[in-house]
Amino acid sequence: MKLLHVFLLFLCFHLSFCKVTYTSQEDLVEKKCLAKKHTHLSCNKVFCQPWQICIEGTCICKLPYQCPKNGTTVCATNGRSFPTYCQQKSLECLRPGTKFLNNGTCTAEGKFSVSLKHGNTDSEGIVEVKLVDQDKTMFICKSSWSMREANVACLDLGFQQGADTQRRFKLSNLSINSTECLHVHCRGLETSLAECTFTKRRTMGYQDLADVVCYTQKADSPTNDFFQCVNGKYISQMKACDGINDCGDQSDELCCKACQGKSFHCKSGVCIPSQYRCNGEVDCITGEDEVGCEGFASVAQEETEILTADMDAERRRIKSLLPKLSCGVKNRRHIRRKRIVGGKRAQLGDLPWQVGIKDASGITCGGIYIGGCWILTAAHCLRASKTHHYQIWTTVVDWIHPDRKRIVIEYVDRIIFHENYNAGTYQNDIALMEMKKDGNKKDCELPRSIPACVPWSPYLFQPNDTCIVSGWGREKDNEKVFSLQWGEVKLISNCSKFYGNRFYEKEMECAGTYDGSIDACKGDSGGPLVCMDANNVTYVWGVVSWGENCGKPEFPGVYTKVANYFDWISYHVGRPFISQYNV
């Protein structure tokens with residue numbers, strides 16, 4: 001019976017048909033993650049807007065000239081025209097205050113306004129707007145109103161924390177002679193309602209009109225049932241991890257073990273609205289929201305009179321114009337074989353990012369090709385005094401009987417050690433090798449090598465994810481291996497339980513099998529621990545660093561956690577070489 005329970009538990013997680021039940025709403029939220037105060041500007045959790053760039057885990061403003069040149073002219077509230085929407089948003093990001101007004105050129109009479117009517121205070125009421133090319137003001141339809149639109153409207157009115165999720169505007173019997181209202185759709189992170197899409201609808205009375213109460217510090221004192229947003233706003237704990245951006249800064253949706261209702265849970269711990277699933281735009285940084293979308297039915301939009309340009313479509317178009325980096329995708333399909341120590345021989349093309357670092361004694365360490373002329377490896381593998389003696393061997397699967405027609409051998413121009421590398425503790429055990437360029441060539445040519453992608457976020461992969469370690473190391477009986485080996489290992493959450501205070505969680509990653517059957521060993525150092533995302537794109541998640549008793553249970557391998565060094569790597573090799581997103 002016990003074996004049956006274990007088997008069912010395995011099926012539950014492997015086939016993902018079991019739902020996790022949490023005893024309380026608080027159990028949905030990851031407390032350790034909350035302490036990091038992630039928001040919509042945390043590019044470790046979400047993608048930056050196309051007018052932003054990711055630096056040290058935060059989305060910061062681009063300079064206008066860094067935007068794509070193609071686009072349509074837009075007008076800002078200061079009466080200035082911009083060549084593209086991206087340039088206008090970039091300048092607004094740098095100098096908040098001047099907002100988007102309309103798509104197209106500026107006109108003298110062009111004006112957009114939003115106001116609240118029939119409220120007792122200036123923070124509540126029925127929402128009324130005047131569109132740029134309309135002569136009269138109109139109310140917003142209730143049917144289209146959600147927290148997305150409410151937060152944007154309040155932000156537009158100067159309430160920095162958006163809409164109040166607890167309070168409701170109390171409508172009395174009103175006499176409103178209006179047969180039409182405006183349907184509005186926002187993504188939720190706009191800074192003005194003018195950026196949202198408006199269409200015209202018919203209305204039957206004031207009950208069909210949208211109202212809002214904007215959040216103020218005069219709200220009720222918080223209790224234990226409240227969730228505190230990073231921006232200081234309090235919402236009900238029940239509203240966390242439901243796929244709805246109640247906070248306005250998205251902080252209630254970024255540290256979730258699971259999601260409520262029909263919202264979609266990203267592996268990175270983010271909850272997104274169900275309508276973002278299979279909508280043609282990747283919202284999860286791990287990409288799984290756009291996987292398995294064959295036959296996925298999209299919701300047909302009702303035919304109505306569209307009054308404003310779709311600036312969200314323009315945002316998506318700008319994203320499509322950003323530079324694309326090719327990495328982590330092999331030319332041939334990887335063939336999984338029965339499950340380095342306990343590993344299997346690699347075939348040509350299995351590991352096109354793997355390189356061997358050779359000195360006078362042979363291949364002593366592995367490395368990872370990350371693009372251009374750059375190899376990533378472990379600092380403990382190298383000696384600065386031997387820089388010009390090292391060779392980089394690519395497409396090697398057997399270094400006793402190498403295929404000379406396929407192998408490319410490159411020489412090393414310089415080595416960059418991490419400035420805080422500690423040889424005693426293996427902290428910051430990471431280094432870069434720049435290969436020499438041939439003659440007057442601007443770049444290195446490695447025709448059969450494919451760079452592995454460099455991860456920018458520590459949330460791309462999670463404990464228990466299956467990854468691949470490879471190298472020319474020794475077997476557990478210390479027997480030398482001459483052919484490239486690979487094996488599947490699982491990421492392990494925290495190796496302090498195995499290695500005590502010698503394991504530094506921020507800088508190191510653990511991986512192995514619980515029985516020790518597959519492990520990195522002596523000679524594998526500097527080589528890759530690679531993981532694949534939902535789209536089968538390969539990332540170098542770790543660099544083989546150290547461990548004890550290789551191939552033994554409870555002694556998993558320890559790797560340098562590459563995501564922790566994204567900014568260090570990009571500083572030396574150039575951000576365009578390794579940035580897939582947020583550029």
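Every residue, even glycine, has its Cβ placed from backbone N, Cα and C.
Annotated active site, charge relay system per Swiss-Prot: HIS380, ASP429, SER525, in sequence order, evidence recorded as similarity to another entry. Residues or ranges marked as Ca(2+) 1 binding site by Swiss-Prot: LYS239, ASP242, ILE244, ASP246, ASP252, GLU253. The Ca(2+) 2 binding site annotation in Swiss-Prot covers TYR276, ASN279, GLU281, ASP283, ASP289, GLU290. According to Swiss-Prot, the feature disulfide bond maps to CYS33-CYS255, CYS43-CYS54, CYS61-CYS93, CYS67-CYS86, CYS75-CYS106, CYS154-CYS214, CYS186-CYS196, CYS259-CYS271, CYS266-CYS284, CYS365-CYS381, CYS495-CYS510, CYS521-CYS550 (among others), an assignment based on similarity to another entry. Positions annotated as domain 'SRCR' by Swiss-Prot: 114-212. What Swiss-Prot lists as domain 'Peptidase S1' is 340-574. As annotated by Swiss-Prot, N-linked glycosylation site applies to ASN70, ASN103, ASN173, ASN177, ASN464, ASN494, ASN536. The signal peptide annotation in Swiss-Prot covers 1-18 and is backed by similarity to another entry.
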TODO: Mind tallying the domain 'SRCR' (114-212) by DSSP state, helix then strand then coil?
DONE: 19 helix, 31 strand, 49 coil
Task: Rounded inter-Cα distance in Å - ASN70 (N-linked glycosylation site), CYS284 (disulfide bond) - done: 26
Task: Per-residue Cβ crowding (10 Å cut-off), top of recorded positions ASN70, ASN103, SER525, ASN536 - done: SER525
TODO: Drop a 10 Å sphere on every Cβ of the recorded positions ASP246, GLU281, ASP289, GLU290, ASP429 and tell me which sphere holds the fewest other Cβ atoms.
DONE: GLU281
Open item on the list: What's the number of neighbouring CB atoms sitting within 10 A of the CB on CYS67 (disulfide bond)?
Closed with: 24
TODO: Give me the Cα-Cα distance between CYS67 (disulfide bond) and CYS495 (disulfide bond), rounded to a whole Å.
DONE: 43
Task: Residues close to Ca(2+) 2 site centre defined by TYR276, ASN279, GLU281, ASP283, ASP289, GLU290, Cβ within 8 Å - done: ILE272, ARG277, CYS278, GLY280, VAL282, CYS284
Open item on the list: Given a 10 Å Cβ-Cβ cut-off, pick out the one of the disulfide-bonded residues CYS33, CYS259 that has the most other Cβ atoms nearby.
Closed with: CYS259
Open item on the list: Quick check for you: of the recorded positions CYS106, CYS271, ASP289, CYS365, CYS381, which have their Cα within 10 Å of the Cα of ASP252 (Ca(2+) 1 binding site)?
Closed with: CYS271
Open item on the list: Helix, strand or coil for GLU290 (Ca(2+) 2 binding site)? Use DSSP.
Closed with: helix
TODO: For the recorded Ca(2+) 1 site, whose residues are LYS239, ASP242, ILE244, ASP246, ASP252, GLU253, find every other residue on that chain with a C-beta no more than 8 angstroms from the centre of their C-beta atoms, and list them by sequence position.
DONE: MET147, ILE235, ALA240, CYS241, GLY243, ASN245, CYS247, CYS271
